[in-house]
């Protein structure tokens with residue numbers, strides 16, 4: 001009788017498609033041990049969570065990652081795209097966020113299905129020299145992403161307290177450390193405050209957009225008709241993509257999902273992947289609306305026929321430091337202060353996510369763990385150096401252009417995180433039965449190779465055009481060409497190597513086919529004992545990631 005009840009319980013917990021002959025492989029980590037997991041589905045149905053409660057238990061990683069899509073780098077590129085090209089580049093934002101949703105969901109699926117995040121899988125898969133190169137490029141991406149946060153914070157301090165931008169850059173070295181230190185006294189309240197301040201800025205731009213009333217027809221054309229006609233439009237489009245699709249976010253998202261307890265069953269993993277997809281979709285939809293509002297307001301105000309000469313000059317060289325006038329219609333004289341507070345919150349919240357990304361990149365590639373404040377201090381000191389030099393020499397205008405350069409660096413860095421993600425998430429040796437479907441494989445590779453192709457085209461044509469048009473002596477141009485062209489060739493060869501290299505390290509293994517009951521138990525997260533439907537021991541689901549301060 002007990003055996004019948006046990007078999008009935010097993011059958012109830014199996015997926016509908018299970019026929020007893022599945023070849024599904026079981027997730028294990030790179031050391032060969034079964035993937036740590038907890039199966040909540042075996043509890044009595046009356047105690048199971050409802051759909052919404054279960055979904056809310058997975059909420060957190062996607063919204064934390066989405067803060068990167070509202071950072072000062074995004075605001076800067078949005079403002080300049082609107083001022084220079086009106087609504088022409090809205091399609092870039094739409095495509096970029098659709099692409100971001102695709103790859104962020106792949107990153108989440110990779111972490112859930114393998115129990116390892118992207119940098120750990122890279123360490124296991126690639127040879128030593130390749131591994132160290134990928135680690136170095138990932139660290140450069142984190143530092144490039146930190147530059148807009150540094151400059152954005154400096155601009156906010158300049159507006160609030162009228163201090164020089166270069167001094168504000170120095171102050172950023174302490175501001176984020178203070179914010180990280182305050183987390184121990186109530187991180188959820190602190191993150192809620194940051195979110196409120198960021199969405200205050202969003203509400204301001206939505207209110208301004210309602211006031212200026214951008215023509216709906218032109219906005220829709222900009223969203224759905226691809227066009228690159230204005231001077232510098234290609235560079236601005238690359239900068240927009242670089243600001244939207246950040247390499248370090250892929251490492252971060254694949255690690256954050258491991259802080260959630262996911263059952264090691266077909267249904268459990270599939271449910272987790274679906275919930276993370278829904279959460280990421282909601283977060284990125286909000287981010288798209290905010291980016292749309294910023295570009296629309298900037299494009300409408302800066303192209304108005306009754307624009308004053310003073311504001312026309314500001315639009316000609318629009319930066320975060322001078323953009324508060326765009327909100328005067330809604331906020332009046334207090335526009336600059338409220339705008340500065342929102343930019344400050346945006347920079348600080350994005351820096352926290354960058355600190356976590358850098359920590360998991362270092363831990364995954366090098367198995368080296370640092371305290372968060374030390375990690376932040378190292379990253380921030382490196383990011384401060386170029387920001388300080390440029391702000392001293394070029395002032396706020398030069399600092400604003402540095403944000404665009406940092407966004408372009410992120411775009412060129414993207415293939416070295418994106419290609420491993422696409423390959424691992426489409427690989428049977430890594431994902432087993434949870435690998436991407438053929439439709440997702442085709443879509444993700446088309447989008448990925450399209451962005452990589454645009455990067456290579458812009459890199460080559462932009463550099464050749466600069467060599468032709470600059471006023472340097474011919475000898476200097478020849479010397480620069482000798483240095484840069486081999487680097488471009490190495491970049492292309494590295495992309496080709498990562499694309500066509502075959503995965504060799506297996507992180508999935510076949511279950512014991514000689515024991516059908518053991519395979520059934522594995523499918524349902526049951527213990528190996530056949531005397532009763534015991535729960536799997538609550539093994540650590542990644543305690544090294546469980547201290548991430550995510551809202552529950």
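Keep in mind that glycine also has a Cβ here, set from the backbone N, Cα and C atoms.
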Suppose you had to name the range Swiss-Prot annotates as transmembrane segment; which of 338-358, 506-526, 527-547 would you pick? 338-358
What range among 34-54, 55-75 does Swiss-Prot record as transmembrane segment? 55-75
Range among 2-22, 212-232, 275-295 that Swiss-Prot annotates as transmembrane segment: 275-295
Per the Cβ under 8 Å criterion, with at least 6 residues separating them from its ends, the transmembrane segment (133-155) contacts 68, 71-73, 75-76, 119, 122, 126, 165-169, 171-172, 175-176, 243, 246-248, 251, 319-321, 340, 343-344, 346-348, 350-351, 354, 357-358, 361-362, 365-366, 379-380, 382-384, 386-387, 391, 396, 399-400, 402-403, 406-407, 409-410, 413, 416-417, 420, 494
For the transmembrane segment (377-397), the distant same-chain contacts (Cβ-Cβ under 8 Å, at least six residues beyond its ends) come to 142-143, 146-147, 149-151, 154-155, 158, 165-166, 169-170, 172-173, 176-177, 317, 319, 321-322, 351, 354-355, 358, 370
The answer for the transmembrane segment (402-422), taking Cβ pairs under 8 Å and residues 6+ beyond its ends, is 72-73, 76-77, 80, 103, 106-107, 110, 118, 121-122, 125, 134, 137-138, 140-141, 144-145, 147-148, 151-152, 235-236, 238-243, 245-248, 250-251, 254, 319-320, 386-387, 390, 441, 444-445, 448, 451-452, 455, 459, 491, 494-495, 498-499
Quick check: do the transmembrane segment (88-108) and the transmembrane segment (438-458) share at least 3 Cβ pairs under 8 Å, counting only pairs 6+ apart in sequence? yes
Examine the transmembrane segment (55-75) against the transmembrane segment (338-358) and state whether at least 3 Cβ pairs sit under 8 A, considering only residue pairs 6 or more apart. yes
